[in-house]
Amino acid sequence: MLLTPKMFSSWLRQDVKKILKRKDSDAGERGKALEDLRASLFNRFRSPETPKRQQQQQHRICGPTVALTFNFVVAISIIFMNKWVLKNIGFEFPVFLTFIHYIVAYLLMALLKSFSLLPASPPSTKSSLLPLYTLGIVMSLSTGLANVSLKYNSVGFYQMAKIAVTPSIVFAEFLWYRKRVSFMKVVSLTVVSVGVAVATVTDLQFSLFGACVAFAWIIPSATNKILWSNMQQRENWTALALMWKTTPITLLFLVSMIPFLDPPGALSFNWSLTNTSAILVSALLGFFLQWSGALALGATSAITHVVLGQFKTCVLLLGNYYIFGSNSGFISVGGAFVAIMGTSLYTYLNTRGQSLKTSSSSSALSEKKSRFSDLKDDDKNLEPYGSEAV
């Protein structure tokens, strides 16, 4: 049978149609698979359970030891960097420097959000908006007033004011959350406070305005730490998600503080490449300081974070004495050692309390499991009579 050109062309068209149809079906299946994958990923990352899961993952990856170590290293680094910026470069605008820190932090978080790397936030309700606004306002007051206090007061007076934050946190947490502190922890906190006071008593230089700023900073600082800790532990916020929500509010209030607390002339500053680079490095460290502080507060408590700050002061004082040969005096060095002993005692009490909680919870869980297995055994024994029961 001869194959005519017309028959050949018709067969060819049929084959092409079959191939195209098969390709369309394959493409449709592939597109459907991609849509299903996209939907599953969206549900996984944006479901109501996602913030809680991400917070649990944050605690697994960054536990108390990692978070406190991270915050300790970054805090010491930014102290030297900010000292370089404020003294050597001559950037005498502490609130504006804080504003730059938060601007850089917000840009970095926006970059993370554009790549879908920013953790999801818990569902917003009317009752959850008030703590967010409160935290944003308190953060602006805490960080802004802290830098102003460092400008007008010595480091010793700044640390003496920080001692008052510890009893403020204990009193506020008792009023708001009915948290109680054991007698031994009160003793260890007292030892830490006395040690820091003795260590910094030789460096108490302040002005009247600086003293007013330092005492005005105590309540916002204590409130800031309490809110950061409790919003992460009770409302399933991660550190970065909470920073993303509160930073715009903080920036708004920092702008309103600049005319009252900063001298004029920030825009006429010598913005050379060296000066700008130093300020940007300080801002980058500021982002890491805020992030590490949030991680530490979420993993531990507000009091533990304050104790870490006082321990950092004593380590810096001893480092200057032993490494750089600074003449701090034997009284200051002795006070630093006393404060470190109090910090060690507080850490031991916290660790023992957490281990006791873990053991009690595990024993309670095993007891529940044993009771459940006993009930299952009883059901199995009664099973032959179950069909006759009415």
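Backbone N, Cα and C define each Cβ position, glycine as well.
Here is what Swiss-Prot records for this protein:
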- 61-81: transmembrane segment (TRANSMEM)
- 89-109: transmembrane segment (TRANSMEM)
- 128-148: transmembrane segment (TRANSMEM)
- 155-175: transmembrane segment (TRANSMEM)
- 182-201: transmembrane segment (TRANSMEM)
- 206-228: transmembrane segment (TRANSMEM)
- 249-269: transmembrane segment (TRANSMEM)
- 278-298: transmembrane segment (TRANSMEM)
- 306-326: transmembrane segment (TRANSMEM)
- 329-349: transmembrane segment (TRANSMEM)
- 356-390: region 'Disordered' (REGION)
- 356-365: compositional bias 'Low complexity' (COMPBIAS)
- 366-382: compositional bias 'Basic and acidic residues' (COMPBIAS)
> Where among 89-109, 206-228, 249-269, 278-298, 329-349 do we find the most Cβ pairs under 8 Å to the transmembrane segment (61-81)?
Replying inline: 278-298
> Other than its close neighbours in sequence, what residues sit by the transmembrane segment (329-349), given a CB gap under 8 Å and a spacing of at least six beyond its ends?
Replying inline: 182, 184-185, 187-202, 304, 307, 310-311, 313-315, 317-318, 321
>> Suppose I define contact as three or more CB-CB distances under 8 A, residues 6 or more apart in sequence; do the transmembrane segment (278-298) and the transmembrane segment (89-109) meet it?
In response: yes
> Other than its close neighbours in sequence, what residues sit by the transmembrane segment (128-148), given a CB gap under 8 Å and a spacing of at least six beyond its ends?
Replying inline: 82, 94-95, 97-98, 101, 122, 158, 210, 213, 216-217, 220-221, 223-224, 227-228, 231, 235, 242, 245-254, 257, 261
> What else in the chain is close to the transmembrane segment (249-269), if you only count residues 6 or more beyond its ends and a Cβ gap under 8 Å?
Replying inline: 91-96, 98-99, 102-103, 106, 132-133, 135-137, 139-141, 143-145, 148, 213, 275
